[in-house]
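Report on the following structure.
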């Protein structure tokens, strides 16, 4: 049975190899080639770098999407040039060919199944016939005016200037403005200058951006410049801004920046995740920002000294924070702030909260006791990170008794008890070991923990040692490795 299923596939493969042996013939008969032959023939031409064949195949591609990114694990500028040349030939025609189907050039590595399906790797569950049925609606010819071709790629800017691939596509899209849209669901800028970043934002189709991360929001003027583009990103789901504390501003300038940014948030009706990391522009004005959120957030991260008393006080007030699934207030210097507002917020989101980060917040026993009743009601909590705080053995015992009922917890981190530290705050392992055993005994009286860490430990997500960087947010909440 297996031979009978695989044999036709093998014959198609051999036919494709034979056809590519005569490049002129292959090009001449593409219009009559069965669509089942296109994917294996394209893979063969791609592997053997028959660039002229690829160029012509793009023009006759019989599917709505060409998932080139899953074939090209690393960008190949030569092949990209030939593919774009083929598309240009199509776009230059006033009357589109009969077999015109291509609507999307996918440069992300997201659709490897397409090639395995058509190469026969899964002939039973995903046959060409089944694939054809799924694409019936997509393959229907469009009527009316020509739709722009969409080119999908993610943008990660780690240098001050664009790399060759991005520069090439940026120039091509600008040349073909109106007929080609550069769509980037994710745009990340680590270090590119504001001028070059502006050029990128002017090229990318703004409605396509769903995730935007800016790690160098250091210039006040960048907020104003950036806001103009941000307001056009109507489908933005995640916004991350970092490092905006390099310059001190006058109160008038700060109020102007807050007003500018608040007006932008009013336009982002689909925003679900907001991360503000080491940004001082908004300190003391969080109320104004939260008030402008159009829809409930799933994730709120305000980290590295962002919060003041007035900021924390406003958090429980607004409906936009009533359905939080993730909350991160790490490195927030909460030692001198009353935590009753945090308790009120935890009570409000007790039914939805899944992840809570209160890392290195300066929370001592008296502050901890304020939030414990609310914390014990967060029945869906799966991750709780509390390490880096100044907590005694009695405080940790009380904390574990309150979290003992949280049966969904799969990851929890706690500081070493104060009694196990020396005068410099370093852990004395001989003291920590028996205290840790006692804490585990107390917890096991109510539930069996899954992953639990006390004191300085390696990150359970990536293994990085916190002796160098005590941040658990670099895996789940911060900059990727």
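The backbone N, Cα and C atoms fix where each Cβ goes, glycine too.
Positions annotated as repeat 'LRR 1' by Swiss-Prot: 99-126. Across all of the repeat 'LRR 1' (99-126), the predicted model scores a mean pLDDT of 68.
Here the repeat 'LRR 2' (181-205) is broken down by DSSP into helix, strand and coil counts: 10 helix, 8 strand, 7 coil. Residues or ranges marked as repeat 'LRR 2' in Swiss-Prot: 181-205.
Taken from Swiss-Prot, the feature repeat 'LRR 3' covers 206-232, and the record attributes it to similarity to another entry.
Outside the repeat 'LRR 4' (233-267), and at least 6 residues removed from its termini, the chain residues within Cβ reach (under 8 Å) are 206-220, 223-224, 227, 273-282, 285, 288-289, 291-294, 299, 305. Marked as repeat 'LRR 4' by Swiss-Prot: 233-267.
Here the repeat 'LRR 5' (268-293) has long-range neighbours at 213, 217, 220, 223, 230-231, 233-245, 249, 254-255, 257-259, 261-262, 299-308, 310-311, 314-315, 317-318, 320-321, 326, 328, 477-478, meaning same-chain residues at least 6 beyond its ends whose C-beta is under 8 angstroms from one of its own. The repeat 'LRR 5' annotation in Swiss-Prot covers 268-293.
Sequence annotations record features per position, and here Swiss-Prot assigns repeat 'LRR 6' to 294-325 based on similarity to another entry. Tertiary neighbourhood of the repeat 'LRR 6' (294-325): same-chain residues 238, 245, 265-280, 282-287, 331-334, 337-339, 341-342, 344-345, 347-349, 352-355, 357, 473, 477, selected by CB-CB distance under 8 Å and a gap of 6+ residues from either end.
Residues 273, 275, 298-309, 312-316, 353-364, 367, 370-371, 373-374, 385, 388, 471-473, 477 of the same chain lie 6+ residues outside the repeat 'LRR 7' (326-344) yet bring a C-beta within less than 8 angstroms of a C-beta in it. Taken from Swiss-Prot, the feature repeat 'LRR 7' covers 326-344.
Taken from Swiss-Prot, the feature repeat 'LRR 8' covers 350-377. Remote same-chain partners of the repeat 'LRR 8' (350-377), defined as residues 6 or more beyond its termini with a Cβ less than 8 Å from a stretch Cβ, comprise 301, 323-336, 338-340, 342-344, 383-392, 394-395, 398-399, 402-403, 405-406, 413, 470-473, 476-477.
Sequence-distant contacts of the repeat 'LRR 9' (378-402), counting only residues of its own chain at least 6 positions beyond either end whose CB sits under 8 Å from a CB of the stretch, comprise 330, 346, 349-365, 368-369, 372, 408-415, 417-419, 435, 438-439, 442-443, 446, 453, 455-457, 466, 470, 472, 476. Residues annotated as repeat 'LRR 9' in Swiss-Prot, with similarity to another entry given as evidence: 378-402.
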